[in-house]
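To keep things clear, I will list the structure first and then write my remarks on it.
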Amino acid sequence: MPPTVFIVSDGTGITAETFAHSILSQFDQKFRLVRVPFVDSTEKAYATLEKINEAILQDGRRPIVFTTLVDSASNQIVKGSNALVLDMFQTFVEPLEQELELKSSHAMGRGHQNADTEEYKNRIEAINFSLAHDDGQSNRNLADADVILVGVSRSGKTPTSLYLAMQYGVKAANYPLIPEDFERGKLPTPLLAHRQKMFGLSIDPQRLSEIRNERRPGSKYAAPENCRYEINEAEAMMRREGIKWLSSTHKSIEEIATTILQEIKLERAAY
């Protein structure tokens, strides 16, 4: 049985979970994640303590607990378990308070709390823009895009666009490159005026064939030779047009998004 990991927070737990994933990914081990958000009272802290102790009995080993609890009383209750408790405040915030000689707000995940902030509104606007301009659905207002992702079908354009919008408030459109474009030897007409905003995604042809076969098994669309043709043509077109691009084959969405932001020199803070 994989080790149990609790993500305990008095809010959504997004910050704690992101941190936990970053740390746990360093180990070649599967983990069973148990999310415990909104622990905003001592009663809920005691209920969480009970869950942790139950896991100890069931697993025969102590679990790992990542916590971002602001309330010291609730935090002490959770720390009363026999688990390995990793307190993000104690580990990182308190030493920074001493170094900076300042008291922190002790409000983990502040950026997620106020739905009326300008940043929140910008993010929602970016998400709506990316959804409206997914897969070339609309050519309207392409001039408003921060970036336009191009590439063959199933090369990772849609998830990357949405990740950029949700995490960074980037207005990311995406547009497919199709066989008709390769036959003409030109970019799709609606994109011609926006070369400076374009960024390309490619992918290993064999991997592309596997992905497409999940969607349309046995089709020409998914055939290895067709995938090789489309990728070769797409990469040749991007080189001709001076479009920066990368292969998404062995990269996570986070890595792809970070590279795009660096390449197009767009400075945005993650929400």
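Placed from the backbone N, Cα and C atoms, the Cβ positions cover glycine too.
According to its DSSP assignment, Ser153 (ADP binding site) is coil. The Cβ of Ser153 (ADP binding site) has 17 neighbouring Cβ atoms from other residues within 10 Å, across all protein chains displayed. The ADP binding site annotation in Swiss-Prot covers Gly151, Val152, Ser153, Arg154, Ser155, Gly156, Lys157, Thr158 and rests on sequence analysis.
Counting only same-chain residues at least 6 apart in sequence, those with a Cβ under 8 Å from the Cβ of Arg154 (ADP binding site) are Ile203, Leu208, Ile211, Arg212, Arg215. DSSP classifies Thr158 (ADP binding site) as helix under the three-state reduction.
Those residues of the chain, other than Gly151, Val152, Ser153, Arg154, Ser155, Gly156, Lys157, Thr158, with a C-beta within 8 angstroms of the mean position of the ADP site C-beta atoms are Asn174, Pro176, Leu201, Ile203, Ser248. Between the binding-site residues Gly151, Gly156, Gly151 has the most other Cβ atoms inside 10 Å of its own Cβ, all protein chains included. Ser155 (ADP binding site) counts 27 other C-beta atoms within 10 Å of its own C-beta, drawing on all protein chains shown. Each of the binding-site residues Val152, Lys157, Thr158 was scored by how many other Cβ atoms lie within 10 Å of its Cβ, and the smallest score goes to Thr158.
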